[in-house]
Amino acid sequence: MSTKIAVLGGGAWGTALAAMAAKGGHESWLYARDAETVVAINKDRRNPCYLGDITLADGIRASTDAAAVVTGADAVLAVIPAQAMRNGLSELGTLIPQASPIVLCAKGIEQNTGRLMSEVVAEILPDHRIAALSGPSFASDVARGLPTAVTVACEDANTADRLAALLSGPAFRCYSTTDLKGVETGGALKNVLAIAAGAAIGRGYGASAQAALVTRGFAELRRIGQAMSARPETIMGLSGLGDLMLTCSSSQSRNYSYGLALGRGEDLTSRPLAEGVATAPIAAELCRKHNISAPIIDAVGALLDGKITIDEAVTALLNRPLKTED
């Protein structure tokens with residue numbers, strides 16, 4: 001029986017997920033606003049704006065008609081930036097059949113409300129099943145069919161299991177969980193920590209400082225996860241520790257690259273805004289609300305606000321009172 005996977009969003013990640021679905025033998029539909037992108041994908045098997053050096057699988061069908069893309073879909077992957085998710089699904093959500101679970105593929109916290117993506121979408125589409133896909137995965141790797149493992153989360157266990165089975169393919173392995181908020185928390189907060197890791201390398205502090213920031217940053221992530229009722233195994237898993245390791249160590253990460261540029265003192269005005277920039281102040285406020293010690297996240301927020309320099313941030317972190325390791 002043929003299965004259909006619909007992808008909303010013609011950027012790098014949306015294109016990669018559509019390619020993954022096609023390689024898995026599914027009927028893969030991709031919605032993009034740009035007509036030229038749609039023509040190029042259908043005719044040349046390439047997205048001229050993203051991943052242009054990768055030939056895409058033949059099974060992808062791109063369209064500017066969102067209704068045609070989502071009709072009859074066994075799953076709808078919403079690959080919309082976190083800060084645009086509310087508007088995007090307010091516009092497109094009414095087209096999505098209620099029987100089709102919506103899989104959120106953006107990692108972030110809404111800036112104005114402090115809500116996770118699943119909470120935002122639940123307000124807009126309260127009658128739909130909502131899931132999230134997260135884990136250590138770069139779009140170029142997935143589009144090329146390189147081995148990748150991620151987590152699919154939905155509060156309904158049967159839906160989580162079905163989605164994991166549906167989305168898993170020859171080189172794309174999905175683990176299922178019902179810990180939706182835990183998966184989203186790890187995916188959002190690792191972006192902030194990646195900026196810190198990139199800034200340390202960009203400033204020339206070296207790999208030892210990078211390792212310390214990532215490790216102590218993970219301790220902050222665990223504390224926040226506990227306050228958010230995330231399961232420990234979720235934070236220790238692919239969507240937590242796994243994603244943190246990848247994002248904090250590769251220039252393919254937009255957040256890490258942003259931190260690198262920040263550390264080098266480069267002009268950031270023309271650089272695409274990393275999701276961690278929007279998440280940092282929200283994460284810092286979340287920690288204050290729950291009385292969580294998160295000095296690295298606090299430092300990133302202050303750094304991005306221009307309140308301190310990188311050198312001042314590192315000095316302050318090193319001069320904190322000594323304590324036992326947690």
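The backbone N, Cα and C atoms fix where each Cβ goes, and this holds for glycine too.
According to Swiss-Prot:
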ACT_SITE  Lys190  active site, proton acceptor
BINDING   Trp13, Arg33, Lys107, Ala139, Arg254, Leu273, Glu275  NADPH binding site
BINDING   Lys107, Gly135, Ser137, Lys190, Asp243, Ser253, Arg254, Asn255  sn-glycerol 3-phosphate binding site
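Structure with Swiss-Prot features highlighted.
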residue	record	Cβ contacts under 8 Å, 6 or more apart
Trp13	NADPH binding site	Val79, Cys105, Ala139
Arg33	NADPH binding site	Gly10, Thr64
Lys107	NADPH binding site	Ala82, Ser134, Glu184, Gly187, Ala188, Lys190, Asn191, Asp243, Glu275
Gly135	sn-glycerol 3-phosphate binding site	Thr148, Ala149, Val150, Thr151, Leu238, Ser239, Gly242, Asp243
Ser137	sn-glycerol 3-phosphate binding site	Thr148, Val150, Leu246
Arg254	NADPH binding site	Pro272, Ala274, Glu275
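With a cut-off of 8 Å between CB atoms and residues at least 6 apart in sequence, the same chain places Tyr258 near Leu273 (NADPH binding site), listed in sequence order. Taking all protein chains in view, 21 other C-beta atoms sit within 10 angstroms of the C-beta of Ala139 (NADPH binding site). Taking every pair among Trp13, Arg33, Lys107, Ala139, Arg254, Leu273, Glu275, the residues recorded as binding NADPH, the greatest CA to CA distance is 23 Å. Under 8 Å, Cβ to Cβ, and six or more positions away along its own chain, Asn255 (sn-glycerol 3-phosphate binding site) finds Asn191, Val192, Ala194, Ile195, Gly198, Thr247, Ala274, Glu275, Gly276.
In sequence order, Phe138, Ala194, Gly198, Leu246, Thr247 constitute the residues six or more apart from Ser253 (sn-glycerol 3-phosphate binding site) in its chain with CB-CB distances below 8 Å. A helical conformation is recorded for Arg254 (NADPH binding site) in the three-state DSSP classification.
Secondary structure at Ala139 (NADPH binding site), as computed by DSSP, is helix. The maximum pairwise C-alpha distance among Lys107, Gly135, Ser137, Lys190, Asp243, Ser253, Arg254, Asn255, the residues recorded as binding sn-glycerol 3-phosphate, is 15 Å. Cβ neighbour count for Glu275 (NADPH binding site) (all protein chains, 10 Å cutoff from its Cβ): 24.
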